[in-house]
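Undergrad: One structure, pasted below without further comment.
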Amino acid sequence: MPAIVNQCSDSKADSDKIYSTASADYSSQSLTVLPAELLLSHSISQLYLDYNDIVLLPENFWSCFPLLELFSAIGNNLISLPDEFEKVPNLSKVYLNENKLESLPDSICKLRHLKCLKLTGNLLVTLPKEFGEISALETLCLEENKLTKLPGTLGLLGSLQHLELESNNISELPLGIGRLLSLEVLNLSNNKLDELPDTFGDMPRLKIVELSSNHIEFLPSNFESVQTLQKLYLDNNVLRTLPDWLSDCKQLVEISVRDNQLHDQPLTEKFGQVCQKLKILNLAGNFISKLPDSLGELCDLEYLHLGSVIGELEGGHFQNGNWLTSLPESVCNLDKLQRLHLDENQLYELPTSFGKLTALDTLDLGQNVLHELPDSFSDLRSLRICLLSKNHIRLLPGNFGNLSNLEELRLDDNEIAELPESIGKLSKLKSLDLYHNKLTEIPPQLNQLKNLIRLDLDANCFKIPWDKVPQIIPKAKYPPRDPNLKDNWRGRPRQDITDMENDIIRIETSEDANYERPEPDLNISEDVLWSAIRSNLSLWKSHSDTSKTRRDYTQNNHNPSLASYEDGLSEEEKEDCDNNSDIDEEDDEFVPPILVKKRFTFESLTENSIHMGSKSGSETDSSSDTAAVQISTIISPSEDWDSEIQEVCSQYNSYRIPAYHHPQSAYDQNSADSQFNFIPSDIHEYPYRKQPKAYPIEEGQFDD
């Protein structure tokens, strides 16, 4: 039971602070009712009941704490609050997030000193009619409730500075909202607003306005906060035009109007002349066809997004960017621009002085109609990520290798037949995508890219078989689980983790050497279990990194049903099993089929000759002088893998489990029913024609 702590100026630990209050913290105690001794502590000024299971508070709750100034009950199951808030006249902060409150008592309006009220994540439908009488209120957070309208007295909150109403069902605003003369932050995102009242623009001190994810068609023609507005978010609405006052916001730092219906040229010519402090401009996913010349006067602009609002895989074949066919030459004057997104437009050329964007770090020009790049493109010395997918580029500039900081280059789905010699100078390049171009031979320049960890050359016109083309698909690496993470959720102890830890402690401290951990009670039917075994057999085939052959399971008293697995081996394989001295007889690991490591070099591939060397495990040839690509290829000792699986599960045919078909069979080019749609690509519109290796999820990866 936590003690009530008196915080005062005599404490050595708090010598720099002066306290005259008593606080009680009963958080994360799994309480359903309040302790009796707590209700007798009348001197408490700060009470914390966070993350318990309290449903109701006593009727006399407020009268028990006449000096209460702060009350927090976040993450409980409160369905209502006791009345008589007037019994706590000094209450100034109330935190009731993540409960199940459907209404507030009318007496809450009598809290004349209440400054902060947070009710995020409840079930509130309405607010008390006299809510505006809380005259001292400065912060009001009502996100993620079920509010449909706001009280007309809301405009009486003259001290209100921060109003959060995101994710409700509000369809209209009261006319009195324009009287919130102290309001600085207003968030009405994700509601059902169709229009804004004319008084909306009467608030003179707004700094941040968020109106995203509504159905707003027009903004007020008058806006009194043009001298104070700093951030404006209007994403995912149906705006067709932008008001003229937007070009008068001198303090504007960030504006986002993505995913609307803006047409033609929504920004006025003086926009760039006035908004000199603008750093972020997001107009993605509209129908913009022209930009003002004054855009180049935004001297502090760092981020410009005029492309698509959704990812490549979700976008499919439809256009989701803008309709730009060219860029004004003045755009090249944005010498502080770091990120430029112009994907999914209709750009057919870039300005000749495009290389003046010397601070550019990320450039996305994917899915346009570019045929070439200007010579100045190679002057983008700070460029780190360059995305040029799905264009009609046939040739890169000869000095393309001057992009010395380039780490990722995507040129997939273009018409490139050869690469410039200078591309071998991209010493920092880690990812190169040349999927679906017109290359006829492996570019020898790639042998100079010492830091390359991802390479895709698939779907080109090589003269060698497609399965001989080098591909680098990196293995997924998961970070180790942070040992400092707490094994709890929202402050509540996790019973399963606690039991497991107690079990481990018991094993470590037990003096009984023969102690055995109790088996978990798993109610798994046999058909589910054997279905899992069949799946794992295929994973053993794919995940092996050893050259050991399979074992005879009958020697170690394993399930006799698996003994039939040995029958699928050839005589030579059985002999390997008998002669294999590397396998410990007491080891129960089922060793999968042989994994052969093939080693290809770029030089040998260009000579149409493949040199293979057998490697075991993850060994590498440290004496090699050439940069090589290692490809892991599965070689099964038995050609008919399906038959092996069927033999393993032969006695369970009554379950009618369908025979396992290894994915590699779908890539059989000689098969009449060859399919290529079972493995989705991570970035491409079409799947890889080669099977990427699958890697198991590490234990504990998603625990938190």
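Even glycines carry a Cβ here, placed using N, Cα and C.
TrEMBL entries are annotated by machine, without manual review.
Pulled these features from TrEMBL for this protein:
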DOMAIN    106-188  domain 'Disease resistance R13L4/SHOC-2-like LRR'
DOMAIN    330-411  domain 'Disease resistance R13L4/SHOC-2-like LRR'
REGION    475-494  region 'Disordered'
COMPBIAS  479-494  compositional bias 'Basic and acidic residues'
COMPBIAS  544-553  compositional bias 'Basic and acidic residues'
REGION    544-586  region 'Disordered'
COMPBIAS  568-586  compositional bias 'Acidic residues'
Undergrad: Mean pLDDT over the domain 'Disease resistance R13L4/SHOC-2-like LRR' (330-411): what is the value?
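TA: A mean pLDDT of 95 is what the predicted model shows over the domain 'Disease resistance R13L4/SHOC-2-like LRR' (330-411).
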Undergrad: Report the DSSP secondary-structure composition of the domain 'Disease resistance R13L4/SHOC-2-like LRR' (106-188) as helix, strand and coil residue counts.
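TA: Grouping H, G, I as helix and E, B as strand yields 18 helix, 12 strand, 53 coil.
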Undergrad: What counts of helix, strand and coil residues does DSSP assign across the domain 'Disease resistance R13L4/SHOC-2-like LRR' (330-411)?
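TA: Going through the domain 'Disease resistance R13L4/SHOC-2-like LRR' (330-411) residue by residue, I get 15 helix, 12 strand, 55 coil.
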